[in-house]
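**Q** Before I ask anything, here is the structure I am working with.
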Amino acid sequence: MAAAPWYIRQRDTDLLGKFKFIQNQEDGRLREATNGTVNSRWSLGVSIEPRNDARNRYVNIMPYERNRVHLKTLSGNDYINASYVKVNVPGQSIEPGYYIATQGPTRKTWDQFWQMCYHNCPLDNIVIVMVTPLVEYNREKCYQYWPRGGVDDTVRIASKWESPGGANDMTQFPSDLKIEFVNVHKVKDYYTVTDIKLTPTDPLVGPVKTVHHFYFDLWKDMNKPEEVVPIMELCAHSHSLNSRGNPIIVHCSAGVGRTGTFIALDHLMHDTLDFKNITERSRHSDRATEEYTRDLIEQIVLQLRSQRMKMVQTKDQFLFIYHAAKYLNSLSVNQ
């Protein structure tokens with residue numbers, strides 16, 4: 001059995017120093033983004049235009065202009081608070097991980113969220129991973145945007161015409177979109193999977209697509225690394241249903257904290273040499289004989305932060321990734 005990767009043996013005090021470095025880097029980017037620097041890589045672009053206020057759940061979480069998701073529209077505003085994210089660590093990533101990180105839909109934006117899912121995922125079998133409860137501490141964290149199969153909750157229609165911000169904020173999509181409940185099942189006590197059909201009301205727009213909606217609302221205690229076990233199962237399950245070529249859509253409330261933490265863990269466990277060996281004992285094991293000299297988790301978080309602000313937002317979330325990775329390694333050792 002190979003030794004545990006060196007970077008999961010670091011002291012918390014050292015890890016907090018790394019988190020501070022990551023945060024300081026981002027502070028510099030945001031200063032540049034807001035000081036009028038021409039052609040800044042960190043420009044927030046149209047996200048801060050007043051007409052988009054109603055499209056942002058929070059006033060301080062915006063996508064960078066260069067990798068924001070553009071809605072597929074026939075006319076009008078193409079803005080949604082969502083970012084394309086690619087994770088690819090040289091020397092470790094078996095293949096790149098592709099995601100859309102986005103805020104939890106609101107009562108004004110749930111229609112455009114579904115239009116994004118349909119048009120920005122080119123293939124059938126779309127996966128959405130939701131890592132927030134609808135309500136937390138008596139505060140709405142996400143609007144219940146999907147049909148759950150109850151009485152009068154099997155079909156919804158996302159309109160082709162939307163104006164979340166009023167008359168000056170119009171968007172025209174190619175078609176209305178029918179969102180239809182198919183079935184639901186709970187996986188152990190871990191998460192709930194709802195299968196949904198997306199059907200354009202104009203058949204010329206495109207085919208029916210299937211969405212697999214993973215609702216993981218129990219992730220509350222970042223001090224318990226064993227909570228990575230259901231996440232590990234969720235990662236494997238969601239990848240098995242997602243069509244290769246589609247990004248996995250991940251959201252919490254703001255689309256940065258738990259979203260970033262999930263994406264970091266997902267790529268770590270599913271697509272890196274060090275941890276693919278632990279979680280699957282895969283055929284790639286002979287490729288990881290040399291110890292990786294960089295801190296793999298830090299490299300992943302740095303990549304996430306360079307593509308969407310505040311990804312892995314808190315110190316507890318940052319530490320959780322390391323503690324969870326260490327816990328996974330201990331499971332492998334004890335097998």
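The backbone N, Cα and C atoms fix where each Cβ goes, and this holds for glycine too.
Keep in mind that this is a model prediction, so the values were computed, not measured.
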**Q** From the set Ser83, Ser253, which residue is assigned the annotation phosphoserine by Swiss-Prot?
**A** Ser83
**Q** Are there any residues in the same chain, six or more apart in sequence, whose C-beta is under 8 angstroms from the C-beta of Cys252 (active site, phosphocysteine intermediate), and if so which?
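**A** Gly104, Met130, Val131, Thr132, Lys141, Cys142, Arg258, Thr259, Phe262 - these are the non-local Cβ neighbours of Cys252 (active site, phosphocysteine intermediate), listed in sequence order.
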**Q** Using Cβ atoms only, which residues of the same chain lie under 8 Å from Ser83 (phosphoserine) while being at least 6 residues apart in sequence?
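**A** Non-local contacts for Ser83 (phosphoserine): Pro63, Tyr64, Asn67, Arg68, Val69, Ile100, Ala101, Thr102, Gly255, Gln307, Arg308.
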